[in-house]
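S.K.: Encoded as structure tokens, here's the structure I'll be asking about.
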Amino acid sequence: MKEKHNPRRKYCLISGLAIIFSLWIIIGNGAKVQAETITVSTPIKQIFPDDAFAETIKDNLKKKSVTDAVTQNELNSIDQIIANNSDIKSVQGIQYLPNVTKLFLNGNKLTDIKPLTNLKNLGWLFLDENKIKDLSSLKDLKKLKSLSLEHNGISDINGLVHLPQLESLYLGNNKITDITVLSRLTKLDTLSLEDNQISDIVPLAGLTKLQNLYLSKNHISDLRALAGLKNLDVLELFSQECLNKPINHQSNLVVPNTVKNTDGSLVTPEIISDDGDYEKPNVKWHLPEFTNEVSFIFYQPVTIGKAKARFHGRVTQPLKEVYTVSYDVDGTVIKTKVEAGTRITAPKPPTKQGYVFKGWYTEKNGGHEWNFNTDYMSGNDFTLYAVFKAETTEKTVNLTRYVKYIRGNAGIYKLPREDNSLKQGTLASHRCKALTVDREARNGGKLWYRLKNIGWTKAENLSLDRYDKMEYDKGVTAYARVRNASGNSVWTKPYNTAGAKHVNKLSVYQGKNMRILREAKTPITTWYQFSIGGKVIGWVDTRALNTFYKQSMEKPTRLTRYVSANKAGESYYKVPVADNPVKRGTLAKYKNQKLIVDCQATIEGQLWYRIRTSSTFIGWTKAANLRAQK
């Protein structure tokens with residue numbers, strides 16, 4: 001029997017078959033029905049305590065009232081019950097109806113179907129739109145051929161393992177994830193599982209008698225298990241919602257494509273969110289700013305047997321917002337990534353000779369002491385500082401420290417006290433030198449170091465490291481030109497960080513477009529790494545530049561444009577700057593095509609449009625290259 005999965009058609013078909021099989025009350029091979037019986041004439045409402053169900057039985061037996069008495073012979077005459085949308089909450093008493101072959105109780109309020117256990121002749125059972133969760137009571141219904149349990153909120157279908165004789169099964173609009181048990185139901189010709197939470201369909205591979213299969217609105221991304229179902233006449237696979245496991249946000253994100261056709265080949269994404277690209281087998285995104293998810297839409301026509309289907313849906317990749325916690329122990333910094341809104345794992349308490357570790361604090365000198373049991377990661381990078389308590393006010397030590405570059409003007413004193421009358425000079429001349437600390441003291445809660453043969457200075461002016469640490473280093477997209485070359489240079493790394501070497505004077509690059517690649521912050525300032533003509537040059541102080549393009553200048557819009565006839569040779573770019581390294585091509589290939597403008601930016605007085613077709617991202621071009629009419 002072939003069926004189209006249409007609820008109205010399904011129930012019309014069932015009603016017709018109910019009439020055809022209305023005389024199906026004989027038990028095969030003369031077997032005796034093990035059902036409960038009444039021995040004396042009994043009022044209907046005493047047998048069937050649910051008022052609504054009692055009314056159904058009254059009407060079925062053509063009685064005037066539920067107080068009318070009935071005999072077991074009269075109950076034996078009932079072979080089908082149709083009581084859809086009747087507000088029935090219990091079918092208690094149905095065990096006295098041994099010859100029921102068809103039972104239609106859709107749209108009621110049933111939760112317990114244990115009374116059905118002994119209905120050995122039951123062949124058709126439809127219980128859509130109830131509140132049934134436990135299917136174990138169906139295990140002895142060996143004549144059951146057609147079962148419908150749609151819209152019940154079912155998550156566990158393991159109770160169906162005892163029903164291998166089923167030929168049609170409707171389980172749509174539930175909460176099913178695991179269909180392993182269905183591999184046992186090899187006689188099925190119709191199976192509906194639409195609108196569930198199914199991702200693994202391997203258990204269906206052996207159901208070769210299937211003619212009608214409904215799998216729309218699930219989480220399916222791999223069709224290989226369906227390749228052998230050659231008897232299919234109807235197959236539905238649309239609107240799949242596939243959710244990957246969350247991963248950390250990255251500025252350059254790579255996600256493998258796992259959507260597969262029946263032959264195992266990858267299904268190419270049709271539309272990729274957030275300007276992503278597809279480079280088989282990976283989907284790639286450039287995400288300089290955090291977004292909580294990315295996705296792509298897929299579409300693939302599929303033919304299996306006689307069935308033609310549209311396999312399409314969306315794959316969503318959730319992203320975790322992670323930030324950096326820096327643990328600073330007297331200038332030595334260890335960094336770790338932590339998801340926003342979660343608790344931070346406490347690191348091993350640091351040790352320091354002559355000091356007792358007090359705790360981790362949000363500021364070097366005080367602030368909030370971090371409670372690793374109750375405090376949660378905020379939505380930004382931050383530093384926790386190890387705070388120690390001196391065991392004595394002054395003692396002998398033997399340490400090596402360096403002057404922090406930005407502390408060069410800090411004072412040196414005869415005693416561990418900030419008093420101009422005791423001042424001997426500044427730390428400027430001692431930069432970049434390894435300095436020996438031979439004494440330490442605390443005064444007013446401040447830690448002081450005595451530099452051997454030099455004098456006293458605050459410990460906060462010194463560092464364990466010769467070089468500055470970068471507070472962050474991230475990819476950015478921007479363009480700039482030199483604003484102030486005087487006294488500024490270009491470095492292989494941000495100045496005064498480990499490995500930084502002089503490249504050139506900044507004046508050499510005056511007037512040139514500088515493509516900004518990365519941004520880093522050190523205690524001195526914020527730095528940009530830049531390239532010119534596609535060649536990476538180095539790092540420069542951002543204060544020396546004038547940034548004429550950054551992504552925040554882009555504004556969303558919605559326009560339709562066409563390439564101007566005389567502008568087909570003009571170029572389009574990855575960003576709204578006419579720079580050859582980001583050039584993508586010319587507008588000639590899009591001549592006479594309808595283009596969508598989804599973003600605009602005004603760069604140095606010049607209006608730019610970001611264009612795309614209905615499904616493909618193109619790039620940025622000057623608005624002057626386009627016109628409103630075809």
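Each residue, glycine too, has its Cβ placed from N, Cα and C.
The following feature annotations were taken from Swiss-Prot:
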SIGNAL    1-30  signal peptide
DOMAIN    31-76  domain 'LRRNT'
BINDING   GLU55, ASP59  Ca(2+) 2 binding site
REPEAT    75-97  repeat 'LRR 1'
REPEAT    123-141  repeat 'LRR 3'
REPEAT    142-163  repeat 'LRR 4'
REPEAT    164-187  repeat 'LRR 5'
REPEAT    189-207  repeat 'LRR 6'
DOMAIN    241-330  domain 'LRRCT'
REGION    320-392  region 'B repeat region'
DOMAIN    393-467  domain 'GW 1'
DOMAIN    472-550  domain 'GW 2'
DOMAIN    553-630  domain 'GW 3'
S.K.: Give me the non-local Cβ neighbours of GLU55 (Ca(2+) 2 binding site): same chain, 6+ apart in sequence, Cβ-Cβ under 8 Å, ordered along the sequence.
M.R.: VAL66, SER86
S.K.: If you run the three-state DSSP split on GLU55 (Ca(2+) 2 binding site), which class comes out?
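M.R.: Its secondary structure by DSSP: helix.
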S.K.: Determine the Cβ neighbour count for ASP59 (Ca(2+) 2 binding site): the number of other Cβ atoms within 10 Å of its Cβ.
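M.R.: For ASP59 (Ca(2+) 2 binding site), the 10 Å Cβ neighbour count is 13.
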S.K.: Averaged over the domain 'LRRNT' (31-76), what pLDDT does the prediction give?
M.R.: 91
S.K.: Check the domain 'GW 3' (553-630) against each of 31-76, 241-330, 393-467 and return whichever range has the most CB pairs under 8 Å.
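M.R.: Between the candidates 31-76, 241-330, 393-467, the best contact partner of the domain 'GW 3' (553-630) is 241-330.
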S.K.: Given a Cβ distance threshold of under 8 angstroms, which distant residues of the chain, six or more beyond its ends, lie next to the repeat 'LRR 5' (164-187)?
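M.R.: Non-local partners: 1, 3, 5, 10, 128, 142-158, 193-201, 203-209, 214.
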S.K.: By DSSP, how many residues in the domain 'GW 2' (472-550) are helix, how many strand, and how many coil?
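M.R.: Helix/strand/coil tally for the domain 'GW 2' (472-550): 7 helix, 47 strand, 25 coil.
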S.K.: Of the residues in the repeat 'LRR 4' (142-163), how many are helix, strand and coil by DSSP?
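M.R.: The composition, in the requested order, is 5 helix, 3 strand, 14 coil.
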S.K.: Six or more residues beyond either end and a Cβ under 8 Å away: which residues meet both conditions relative to the repeat 'LRR 6' (189-207)?
M.R.: 1-3, 5, 150, 167-183, 213-223, 225-226, 228-229, 236, 242
S.K.: Taking residues 6+ outside the repeat 'LRR 4' (142-163), which of them lie with a CB under 8 Å of any CB in it?
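M.R.: Distant Cβ neighbours of the repeat 'LRR 4' (142-163) are 10, 14, 28, 101, 106, 120-136, 169-179, 181-182, 184-185, 192.
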S.K.: DSSP on the region 'B repeat region' (320-392): how many residues come out helix, how many strand, how many coil?
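M.R.: The region 'B repeat region' (320-392) comes out at 0 helix, 41 strand, 32 coil.
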S.K.: Using DSSP, how many residues in the repeat 'LRR 5' (164-187) fall into helix, strand and coil?
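M.R.: Counting residues per DSSP class in the repeat 'LRR 5' (164-187), I get 5 helix, 3 strand, 16 coil.
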